[in-house]
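Below: one structure, written as structure tokens.
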Amino acid sequence: MASPAMHPVPPVADVPRHIAIIMDGNGRWAQRRRRPRVIGHRAGARAVNRTIDFCLEKGVSALTLFAFSSENWGRPQDEVDALMKLFLHALDREVGELQRRGVQVRFIGDRSRFAAPLRDRMAGAERSTAANARLVLSIAASYGGRQDIATAARALAEDVAAGRLQPEQIDEALLSSRVALADLPAPDLFIRTGGDTRISNFLLWQLAYTELWFTETLWPEFDAGVMQQALDDYAGRERRFGLTSAQIADKATETSSA
């Protein structure tokens, strides 16, 4: 069994440092209005802007959004094509404003399946915002959590085969350094909209000790009020990371008296 020392307890605050969100419900939102699914995705893009605004206002340092999973390539081709066009137009339209507001944009996932113009826009957005530090916005696109772990494991195996690494050197910390978002704190709060209560292959390694919060609200209707409900719930939780409540209290006392 891993000792508590393997999982250092991060400082706990009312506002999470890193929020990860599965943005679910765009299609159902459109269907309830008897509109094409792409209309729901467009409405969902506006919810992304509201969420970024909220995070900037509250001082959240990292926001990771699940935009398109590796499994989503199996959706109807017309919907995939519409999503790719929406993604491309959103980058053209929004990156300048994100740059002005100090937001750093990153993408995680297998971008090789995207068309060259979209890959170029993604790389350009990363370059133009790389120096920004108010908020790190990571967009998971063509991403899968299992794929992420497998890619990290393969990289470690290649290092062992090349003699750069010994098998006994591989531990949780080393694997953590090879998965996506390795340079960011692990997500403190995970939010999923749309009513489903699962994490759907999103950040499987990174969410090990994350607080989970689910809402029936469909993503296009997600706003500051719902986001504040999530933060209020988060602020009332005790994050123990495998320790006891007494140990957490002792650590808090040590920190405050240091």
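Using the three backbone atoms N, Cα and C, a Cβ is placed for every residue, glycine included.
Positions annotated as Mg(2+) binding site by Swiss-Prot: Asp24, Glu211. In sequence order, Arg192, Thr193, Gly194, Gly195, Asp196, Leu218, Trp219 are the residues of the chain that are 6 or more apart from Asp24 (Mg(2+) binding site) and have a CB within less than 8 Å of its CB. Taken residue by residue with DSSP, Asp24 (Mg(2+) binding site) is part of neither helix nor strand, so it is coil.
The active site annotation in Swiss-Prot covers Asp24.
Positions annotated as substrate binding site by Swiss-Prot: 25-29, Arg37, His41, 69-71, Trp73, Arg75, Arg192, 198-200. The Cβ of Trp29 (substrate binding site) lies under 8 Å from the Cβ of Gly40, Ala43, Gly44, Leu218, Trp219, Pro220, Glu221, each of which sits 6+ residues away along the same chain.
As annotated by Swiss-Prot, active site, proton acceptor applies to Asn72, with the evidence given as sequence analysis. Taking a C-beta cut-off of under 8 Å and a sequence gap of six or more, Asn72 (active site, proton acceptor) has these contacts in its own chain: Val80, Leu83, Ser142.
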Assigned element (helix, strand, coil) containing Asn72 (active site, proton acceptor), judged by DSSP: helix
Length of the line joining the Cα atoms of Glu211 (Mg(2+) binding site) and Ile199 (substrate binding site), in Å: 12
Neighbour count (Cβ, 10 Å) for His41 (substrate binding site): 24
Secondary structure at Trp29 (substrate binding site), reduced by DSSP to three states: helix
Spatial neighbours, same chain, of Ser70 (substrate binding site) - Cβ under 8 Å, 6+ residues apart: Gly109, Asp110, Ser142, Tyr143, Gly144, Gln147, Asn201
